[in-house]
Number of protein chains: 2
Amino acid sequence: MQAQLQQLKDILAEVDDLMRAAAVLQWDLETYMPPGGVEARSQQLATLERLAHTRFVSEEVGRLLEDLHPLLEQEEPDSNTACLLRVTQSEYEKECKLPGELVAELARKTALAHTIWQNARETKTFSTFQPLLNELVDLMRRKAENLGYTDHIYDPLLDVYEPQMKTAEVAAIFKTLKDALVPLIQQIAERRDVVQDKVFQGHFDVKRQWDFSLEVLREIGYDFRCGRQDASAHPFTTSFSPDDVRITTRVASEHFSAGLFGSIHEGGHALYEQGIPREFVRTPLNNGASSAIHESQSRFWENVVGRSRPFWTHFLPRLQRFYPEQLANATVDQVYQAVNVVQPSFIRVEADEVTYNLHVFLRFELETDLLAGAIEVKDLPELWNQKMNIYLGITPPDDALGVLQDVHWSAGLFGYFPTYALGNVLALQFEQRMRQDWPGWDTEVAQGKFAPILHWQREHIHAHGRKFAPQELVQRVTGETINPQPYIAYLEAKYGELYGL
Amino acid sequence: MQAQLQQLKDILAEVDDLMRAAAVLQWDLETYMPPGGVEARSQQLATLERLAHTRFVSEEVGRLLEDLHPLLEQEEPDSNTACLLRVTQSEYEKECKLPGELVAELARKTALAHTIWQNARETKTFSTFQPLLNELVDLMRRKAENLGYTDHIYDPLLDVYEPQMKTAEVAAIFKTLKDALVPLIQQIAERRDVVQDKVFQGHFDVKRQWDFSLEVLREIGYDFRCGRQDASAHPFTTSFSPDDVRITTRVASEHFSAGLFGSIHEGGHALYEQGIPREFVRTPLNNGASSAIHESQSRFWENVVGRSRPFWTHFLPRLQRFYPEQLANATVDQVYQAVNVVQPSFIRVEADEVTYNLHVFLRFELETDLLAGAIEVKDLPELWNQKMNIYLGITPPDDALGVLQDVHWSAGLFGYFPTYALGNVLALQFEQRMRQDWPGWDTEVAQGKFAPILHWQREHIHAHGRKFAPQELVQRVTGETINPQPYIAYLEAKYGELYGL
């Protein structure tokens, strides 16, 4: 049995090497690749993904999984081996439903789409992206049909990022959130002028923004010996192994907060990936439990830590050293206000904590309707703008500030968006549990104590890699299932205090 | 037959995708990879190279090549199809002799060796690199034994870079060169003070060096839409397709010439790769004919063009704009002298045109002795320093300036070094031929006319990719076999004039 386990691990290692190599090529495509390189790159990515897929769905893997079934009974259910076999079995069943040709075609088309989306966004012309997006939606529908579903065509795509979660469950959670957030946003709107962001208005040298973000990342525990930060059109995190986890961000002189919180957000993802045990390397366990669990880490660091008063008590004096003229007289309270202004805005990744979720609802609704065939690609810009108006009362002046802002659809990441809001919800469930272990965690942040937070996350979340299904992990850590109430309570308390509601 | 040809091409495309993906991972390893990434990277590279090898030496390829044999007779011998079949057949026979496990092990060990070599060079301690170099030499010996040879164990390794060339032929050419160069260097040494490089002494801002090198590269025809320049420990060129050809260099404020000529050298390689016809993409024909032919292009641009008087007639005013204070009063003649000072020095890539070859002879002798077992890895530093003393009359003060300076051995590139000097030789044979077509090529460079040079190279050399064996290409272009006389005559004339011999 041990020999067969080793055989399986060897194949999984090969598949992992191919997928991580593809991730390197993708990272390069989004950071340094010259424009001419896209055609060859799309072929290379298609080949790598096809080979990884073919190897994984081979009869050999099926036979080994069958042979190893008794081991699954013998081993402790929580053991690494049992979890590896379970996760592999489940992935194997899913992947077997996808033809290699579809996997390759999706890899090729999304690589090509990246450049086309980027140009479309730069020139603010949705029409140049539309034909390829049409093809991608068709490919996603084929993928969904192949994976199969009973309730909603969106279910199998959501399942890629959030195993076992259903579209209807997401809709129910979003309904609860919406019922709490829409009135909260209204109340805030009435007291708009109470909270100001004047302190971060104006020009902030981008080189210094960059250096400050590196300093913050270093302090919260991101290990630069095993990582780096680069610039890209859309911030992302990628892992080639727990010892090589990279993030990207974008900085603009007029948007100080956007660059910094982009870095902290991706830093949160990176801390998760860097924290996965080395024994999981080159296996499917070297991954986060799900995208929502991943977002619970990134959104936690970005918002619950990064937009807190103690955080700025610690970091404002550091930041003042980078911008001595602009910020010499800034107070912690001014900065705390500036990073927590609630205001309808166009760009999701730059949105405040409260309105952020509405950006996600909008995308979730458009995605599900698009996949179900209720709406068409060509109508997306208009529908986007309509929904922005309904949810936030503003209309994007162009598609770069609207439907073209996110990288996700060009990358074939249909099903990902809801996990951002689910991550917000989970972040506060985890925070509640952490507070039981360490009641004063947030006040100690004021002294620059970030290591205990990371230590808690490492122990309760990162150490498990992908061993457990997301909802099982949530149950293990918090003792309950996903529950939006702590998040709603957090927002109401924080913004109630800020806006004097 | 066409169906089988397509099948073969599909497999070759897959193999090429894997090898180019490996090249991306290697590029990243040498440019941006954080130190922690090396372990995973070595595994990923091993997997990619093993899969490429396994796919290429599959029975299917053997059978297709056999089936397609009649096509080889039908097609014009110079046609793309005939050349593709010939090159593939020859590569197939070589690759079949190598076990996949050896290919993977070499990929893994060289990836690990890169970081270890880099650290050893930084800390100037050969002993930290020695154990891995020992293993690499053993692997190279195994590779040579597997490939087979009749005369010298170095032959099959040389053949990887210079197909059909033998160690004995190289030794004979080097003997001719040595007989001419050693007395020339002696004559120059007696008139050492005649040529000065004062104009480039001192501190040259590295950012400006970088920008100037980009300007030069752009003007000689390097297409940055399909390429880019980055920094690395050792300059190199890599191609992911003719539309994505990247170079690296290194700049140091006290070594103005080294950075610039590094860029021009790699630019010469890149022009070759960017000039390969797009119809060769994803086939073995998307390559230079050999390393010596490749070096003939890079050394030509670096030296015959870059170290010429007309080049500086054109570029000095441009350079003066980058360094207005330092170079305001510099004359073309001063700069021409400065970039042509002949002086024994430690670092090959920074050596003048004349002594450069002696650096190559030294490495060729050490490599051949090492492979033959006549010397041992542990003795390399001492033997290196002895030979430096014999050839150039100087002794490196440490191993960073001696045996550890080059990336090649850590990368398993045994057999590559001689091609630098062979490239020097070929560069002047090609130049002679180009002069027949365009007698005033060098004087027109003074007006910044580089396009006709590139055009000539594109037509006579680049356009053939790897269609012809190197010596056949030399014969086609020049009407003769490799011949060091034009190169010797060039050096004697140029440096005779400079030093008033």
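A Cβ is built for glycine as well, from the same backbone N, Cα and C atoms used for every other residue.
Unlike curated records, TrEMBL annotations are generated automatically.
As written in TrEMBL, here are the features:
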type: BINDING; residues: A:His265, A:His269, A:Glu295; note: Zn(2+) binding site
type: ACT_SITE; residues: A:Glu266; note: active site, proton donor/acceptor
Quick note, A:Glu266 (active site, proton donor/acceptor) and A:Glu295 (Zn(2+) binding site): C-alpha atoms separated, nearest Å, by 9
Across all protein chains shown, the recorded positions A:Glu266, A:Glu295 give the max Cβ-within-10 Å count at A:Glu295
Given the Zn(2+) site A:His265, A:His269, A:Glu295, its other Cβ neighbours within 8 Å of the Cβ centroid, in chain order, are A:Thr237, A:Glu266, A:Gly268, A:His294, A:Gln297, A:Ser298, A:Arg299, A:Trp301, A:Glu302, A:Gly423
Same-chain residues at least 6 apart in sequence with Cβ under 8 Å of the Cβ of A:His269 (Zn(2+) binding site), in sequence order, are A:Thr237, A:Ile247, A:His294, A:Gln297, A:Ser298
In chain order, residues whose C-beta lies under 8 angstroms from the C-beta of A:His265 (Zn(2+) binding site), counting only those at least six residues away in the same chain, are A:Pro235, A:Ser298, A:Arg299, A:Trp301, A:Glu302, A:Val349
